[in-house]
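A.B. asks: Quick paste of what Swiss-Prot says about this protein:
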- Cys33, Cys38, Cys44, Ser274: [4Fe-4S] cluster 1 binding site (BINDING)
- Cys59, Cys63, Cys66: [4Fe-4S] cluster 2 binding site (BINDING)
- 45-263: domain 'Radical SAM core' (DOMAIN)
Amino acid sequence: MLKPEWLRVKAPQRERIGAVADLLLDLNLNTVCQEASCPNIGECFAGGTATFLIMGPGCTRACPYCDIDFDKSVRELDPTEPERLGEAVARLGLKHVVITSVNRDDLPDGGATQFVACIEQVKQRSPLTTIELLIPDFCGNWDALATVMAAAPHVLNHNIETVPRMYRLARPQGIYERSLELLQRVRDDWPRAYSKSGLMVGLGETDDEVIDVLRDLRTHRVDIVTIGQYLSPGPKHLAVDRFVTPEQFDTYRRIGEEELGFLQVVSTPLTRSSYHAGEVQRLMASHPR
């Protein structure tokens with residue numbers, strides 16, 4: 001299936017990309033931009049931003065839509081990773097940083113303490129930087145969630161990824177209701193935090209199912225939603241079922257913001273969960289907590 005015109009990405013600024021990539025290489029850090037083959041890597045690297053991927057690069061889950069390598073082996077966490085991440089944030093001069101991770105189901109707390117260590121390093125080295133976490137479901141370990149939230153990230157993101165009907169195919173180790181519960185707990189127990197979630201379209205869902213997911217997310221008090229086109233990483237991954245038009249993406253946005261009352265819905269074909277995440281700062285300023 002050929003990509004439509006609206007999914008073509010502008011050529012990146014090689015000099016700026018090289019500078020960011022060199023810094024990440026120098027500090028031995030992974031980014032989801034690189035590991036997940038994000039289509040926005042040129043724009044984000046050119047803007048001096050990146051979403052850091054900790055505890056990887058291998059993931060203990062093998063979701064068939066994802067380009068991150070599967071690795072079920074038990075691996076020790078790197079105690080120097082948080083310090084190196086904090087240094088990168090300071091050297092890049094980031095106003096807003098996104099920290100995500102692979103799934104680490106081999107760890108009792110799913111890696112919660114590593115998230116906390118990273119938050120502490122960022123706050124120490126770059127105290128004015130706002131912090132957004134994109135976390136896994138911790139297999140429903142709510143103590144692990146509490147550990148992370150006690151470190152006071154400004155934004156807590158957990159992606160719902162797809163509609164419930166597609167979970168068995170696309171996210172076999174995930175549970176739709178568990179992800180909703182996680183998002184609800186964030187807003188109920190830590191009301192000053194902004195909650196965020198995202199989903200892909202083009203996996204085989206219908207537009208009505210997408211709207212139903214938006215309703216579920218709003219019912220569970222989610223503040224911010226991102227919606228983007230699924231692009232298959234390769235022949236061993238799930239195929240694209242359809243290319244959703246920019247007009248339909250705008251319909252999702254309009255329904256989410258105007259009818260359901262989300263603080264923000266970022267919905268375009270190339271949107272990914274941390275795409276233009278720095279705009280969250282403006283949202284926080286206009287809706288302070």
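Yeah, the Cβs are placed from backbone N, Cα and C, and that goes for glycine too.
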A.B. asks: So of all those binding-site residues, Cys59, Cys63, Cys66, which one's Cα sits nearest to Ser274 ([4Fe-4S] cluster 1 binding site)?
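C.D. replies: Among Cys59, Cys63, Cys66, Cys66.
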A.B. asks: So what's the mean pLDDT when you look at the domain 'Radical SAM core' (45-263)?
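C.D. replies: Over the domain 'Radical SAM core' (45-263), the predicted model scores a mean pLDDT of 94.
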A.B. asks: Specify all same-chain residues, apart from the site residues Cys59, Cys63, Cys66, whose Cβ lies within 8 angstroms of the center of the Cβ atoms of the [4Fe-4S] cluster 2 site, ordered by sequence.
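C.D. replies: The surrounding set, listed in chain order, is Arg61, Ala62, Tyr65, Asp67, Ile68, Phe70, Val102, Asn103.
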